[in-house]
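Encoded as structure tokens, the structure appears first; notes follow it.
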Amino acid sequence: ARCQCKLPPRERRNCGYPGISAAECRKAGCCFNASLPGVPWCFAPKPRRVRKVCPNDSYARINCGFPGITAMDCERKGCCFRAYPAGVPWCFYHRVVEE
């Protein structure tokens, strides 16, 4: 993502080699900005920031448990638990969303 390439010049970590083209740099999954001399032009992007959330749509739930699992056992597995509505998993996996 473009925002992952917005780094102060002093925080750039080299990701290429002398003379690398913008296309080669981006193809390697790196950022390219040749506007400043004396700092890497091809550099590693900031890591993506993600977080886990329990999906609100009960029909998007992916089962993480078994019939009769308790909330405590479900949460010990690292999953979400909501004992409603009927007919959908009550113990289900988180979704990962990018911040």
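Cβ atoms are placed via backbone N, Cα and C, with glycine included.
Because TrEMBL annotations are produced automatically, they should be read as predictions rather than curated entries.
Checking the candidates C42, C54, C91 against TrEMBL, the cysteine paired with C74 through a disulfide bond is C91. Checking C3, C30, C31, C54 against TrEMBL, the residue bonded to C15 by a disulphide is C30.
The disulfide bond recorded by TrEMBL for C54 joins it to C80 [selected from C5, C25, C79, C80]. Note on the domain 'P-type' (1-46): mean pLDDT across this stretch is 91. Neighbours of C25 (disulfide bond) among the disulfide-bonded residues C54, C64, C74, C79, C80, C91, defined as a Cα within 10 Å of its Cα, are absent: none qualifies. Cβ contacts within 10 Å of C80 (disulfide bond), excluding its own Cβ and spanning all protein chains shown: 21.
You'll find the Cα of C64 (disulfide bond) roughly 5 Å from the Cα of C91 (disulfide bond). Within 10 Å of the C-beta of C30 (disulfide bond) there are 21 other C-beta atoms, taking all protein chains into account.
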